[in-house]
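Per Swiss-Prot, N-acetylalanine is recorded for A2, and the stated evidence type is similarity to another entry. According to Swiss-Prot, the feature ITP binding site maps to 14-19, K56, 72-73, K89, 149-152, K172, 177-178, an assignment based on sequence analysis. According to Swiss-Prot, the Mg(2+) binding site annotation covers E44, on the basis of sequence analysis. Residues or ranges marked as phosphoserine by Swiss-Prot on the basis of similarity to another entry: S146.
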Amino acid sequence: MAASLVGKKIVFVTGNAKKLEEVIQILGDKFPCTLVAQKIDLPEYQGEPDEISIQKCQEAARQVQGPVLVEDTCLCFNALGGLPGPYIKWFLQKLKPEGLYQLLAGFEDKSAYALCTFALSTGDPSQPVLLFRGKTPGQIVMPRGSRDFGWDPCFQPDGYEQTYAEMPKAEKNTISHRFRALFKLQEYFGVTDGAGDH
């Protein structure tokens, strides 16, 4: 499947300009396909993260009638059995980063993990959707740093004193869940030389 996509345009399903910018920055100029952002209204699927990613990708490929890349991000609180998980977008809209932190007020365990899944389809419904996952463990903390990128202010990756929002973008882009998932996508296309050395 990788060979059939080389040199082609892949629609990256997002309406978020910051997300597109981050993905392109992480993939770098050796990535053999051109990503073109397109906002597509997809149903809000429910289920486990992999199921949601596959369903979203299949529906996006059906609408685009060609190759698509869909990203799904989860923020999973261990004390809450993995919630909010794939529903983080809705929790964040209602609660803001402060509310996410307050959700864990009654729990000693503030550990969490950020999970990013990229789902890739050639656009051919007979071909399986491929999944590329990245996971970063961390803690949910009182929000700190810039407020321009989702829940970044309240997620502090393990081994760091800063939240994602406080980190320079270049540093975040070498440790984040999104970076780890995109690294696997790069490996699939055989273009990782040096990508993991940042």
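Heads up, the Cβ atoms here are built off N, Cα and C, so glycines get one too.
Ranking the recorded positions A2, A17 by how many other Cβ atoms lie within 10 angstroms of each Cβ puts A17 at the bottom. The residue listed as 'phosphoserine' and H177 (ITP binding site) have their C-alpha atoms 19 Å apart, to the nearest angstrom.
Separation of the C-alpha atoms of A2 (N-acetylalanine) and E44 (Mg(2+) binding site): 28 Å, rounded to the nearest whole number.
Cα-Cα distance from K56 (ITP binding site) to E44 (Mg(2+) binding site): 8 Å (rounded to the nearest whole number). Rounded to a whole number, the distance between the Cα atoms of E44 (Mg(2+) binding site) and T14 (ITP binding site) is 14 Å.
The binding-site residues recorded for this entry are A17, K89, W151, H177, and the Cα of K89 lies nearest to that of the residue listed as 'Mg(2+) binding site'.
In the structure as shown, the Cβ atom of T14 (ITP binding site) sits within 10 Å of 18 other Cβ atoms.
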